[in-house]
Amino acid sequence: MAEASSFLAQKRYAVVTGANKGLGLEICGQLASQGVTVLLTSRDEKRGLEAIEELKKSGINSENLEYHQLDVTKPASFASLADFIKAKFGKLDILVNNAGISGVIVDYAALMEAIRRRGAEINYDGVMKQTYELAEECLQTNYYGVKRTINALLPLLQFSDSPRIVNVSSDVGLLKKIPGERIREALGDVEKLTEESVDGILDEFLRDFKEGKIAEKGWPTFKSAYSISKAALNSYTRVLARKYPSIIINCVCPGVVKTDINLKMGHLTVEEGAASPVRLALMPLGSPSGLFYTRNEVTPFE
């Protein structure tokens, strides 16, 4: 990766969240293969340590791999992580916010049956269950979890001479996917966007969800919480990029990858999917910030 050579001239340190399997694990492997020391994090310590061993067995240099437990939904998780990074590395150069959940429970057998009926339109309401509790957990992981992680690790990123943050997002969070014009405008007005205004939109979403008014109020109905969590993440990325011009901050849709969150039904391998977040993590100095990428192409937030 020639374009990353100048950035990698010095020893670099990265944190990847939600990294014990799938896309996160592959991102760790690809970064470590470039000589970056990667701190793999996961909710489950046992699975995280097993993931480290898996990377070592694949030929990754063990000197480029570290592990620390992190549950992005638990504020108490972050103090020990930050202390570990400060003591071990003294700084942080790369943060990849990959941890995420779908916010739905899928009836896999019913979905497979629907797919087998060629030509039949799938009734996703019949195969995907959405509840208020799931919606709340989804927002806490996919949006607030990213905020917690960034807030906790920002002081360490500011010790780097070229810090960058990559937020793994999805094109379902593009504004054009949101039916309600008022919601689109609120999340898309970059001049007026603040963290507080984005938080307020999510509070409104949860109230409408609890009252059964998702469709009526113009929210996405397909994987509602997941979609709006990614839309909020995209807006938050734009807010951060304006607030911290010295940090390269972007979000990326890696494509539909064969991972658990996509029921292994994607058309891209994890190797292909991880390539775009890794490319953003290793972008050369002076690269653009505050953008949304669909794989390797810049895509309008709208």
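A Cβ is built for glycine as well, from the same backbone N, Cα and C atoms used for every other residue.
Record features (Swiss-Prot):
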BINDING   20-23, Arg43, 71-72, Asn98, Tyr226, Lys230, 257-262  NADP(+) binding site
BINDING   Ser170  substrate binding site
ACT_SITE  Tyr226  active site, proton acceptor
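Known features from Swiss-Prot, placed on the structure.
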{"residue": "Asn20", "record": "NADP(+) binding site", "contacts (Cβ under 8 Å, 6+ apart)": "Leu40, Ser42, Asp44, Arg47, Gly48, Glu50, Ala51"}
{"residue": "Arg43", "record": "NADP(+) binding site", "contacts (Cβ under 8 Å, 6+ apart)": "Gly18, Gln69, Leu70, Asp71"}
{"residue": "Val72", "record": "NADP(+) binding site", "contacts (Cβ under 8 Å, 6+ apart)": "Thr17, Gly18, Ala99, Thr141, Gly145, Val146, Arg148, Thr149"}
{"residue": "Ser170", "record": "substrate binding site", "contacts (Cβ under 8 Å, 6+ apart)": "Tyr226, Ser227, Lys230, Cys253"}
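Gly22 (NADP(+) binding site) is surrounded by 21 other CB atoms, counting those within 10 A of its CB over all protein chains shown. Secondary structure at Arg43 (NADP(+) binding site), as computed by DSSP, is coil. Gly22 (NADP(+) binding site) falls within a helical segment according to DSSP.
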